[in-house]
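Report on the following structure.
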Amino acid sequence: MEPLRVFSDHVEILDQRQLPQAVRYFNAHRASDVVEAIRTLAVRGAPAIGIAGLYGLWLEARYLAEAGESGFMDKLLVAAQQLRHVRPTAVNLSWAIDRALGRLTPGPADEVVTRLRDMADTLRQEEEERNARMAQLGAQLLPNRDSRVLTHCNTGSLATVGVGTALGVIREGYRQGRVAMVWVDETRPLLQGSRLTAWELLQDQIPATLITDSMAAGLMQQGQVDAVFVGADRIALNGDTANKVGTYGLAVLAQYHRIPFYVVAPVSTIDEHIASGQDIPIEERQADEVRLIRGVPIAPEGMAVKNPAFDVTPYALISAIITDRGVVYPPFDQKLRQLLEEDRHA
Ligand SMILES: CSC[C@H]1O[C@H](OP(=O)(O)O)[C@H](O)[C@@H]1O
């Protein structure tokens, strides 16, 4: 199931808010359509929103070129800023937009349109290849032939455009006979685990059991978890990692129970401009995402709510970071800088 289907004149976006009950795509023709899709989590997942953002820039360039309006580049840059800022935590979105703009050379509008489409197609291919490499590298870390692994949120094909990051490792581990089953955190409040990860694993016929987020601790205490694999939205140079809220708690539990805790993310998720996790912007989302489920109240109306979409796991709680350029063990600083340098010159 692809989060995006790309055509010559539009992009179809899978509305992930309606999964697993309904598989519905809607058409995006302009950047504003993609901004709204990312803002509402119709499309979500760090790599997927980076790719969606770049296709959104291509759509806007295409529209402006066809309209023949004056101020083509100025209007395109406005759209780029709107796309770049729609969700602050995942670095992939701003990284994709900034890299594309940095590689654009001034020229006729139709040439800009073609360049942006080529860059979006290339990024999509790059992410698919990065996912495949991480899956192979990560599967080698699975502690034994019948590991019971726990994962949080959704890091599969719906969050990327390939096999996934953490879920890609789990898929490959299962294929190699190294994974016996998967504990799937439901992942409150938006339930990316119960709605999306559970759905992907059932599609793959990989044994999986859905749990509430609060059950992970007891399962670890009972010796039911052999490893934890999670994704990332932004990794600081010291290895501190922002990921879906609830990840930090899992990392603390894993360390207490001496369970390996792995982050799986492409090098494009490492932010060279951020030294430590305290500088990673954490997206605060609206209260009703906690107070309601599918419009049904589960809390008193008007109840005060705190709804950070992510939290930051300190590098000291991370056993290894599995990237598309290799597995990095602590201390992370120098090695992450080296990976960024390799990626820059690839
Ligand atoms: C493959 S990284 C996916 C990453 O994005 C998710 O957040 P959201 O569903 O809000 O986009 C979550 O943090 C995942 O780990």
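Glycine is no exception: its Cβ is also placed from the backbone N, Cα and C atoms.
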Out of Arg5, Arg84, Arg87, Arg285, which does TrEMBL tie to the same substrate site as Arg44, Gly45, Ala46, Gln192, Asn243, Lys244?
Arg87
Can you name the recorded positions among Arg44, Ala46, Arg87, Asp233 whose CA is within 10 A of the CA of Cys153 (site 'Transition state stabilizer')?
none
For ligand 1, which among the recorded positions Arg87, Asp233, Asn243 have a CB under 6 Å from it?
Asp233, Asn243
Beyond the site residues Arg44, Gly45, Ala46, Arg87, Gln192, Asn243, Lys244: chain residues whose C-beta lies within 8 Å of the centroid, for substrate:
Ile49, Ala90, Cys153, Asn154, Ala159, Gly231, Asp233, Ala309, Phe310
Counting across all protein chains shown, how many other Cβ atoms sit within 10 Å of the Cβ of Asn243 (substrate binding site)?
29
How many Å lie between the Cα of Gly45 (substrate binding site) and the Cα of Asp233 (active site, proton donor)?
8
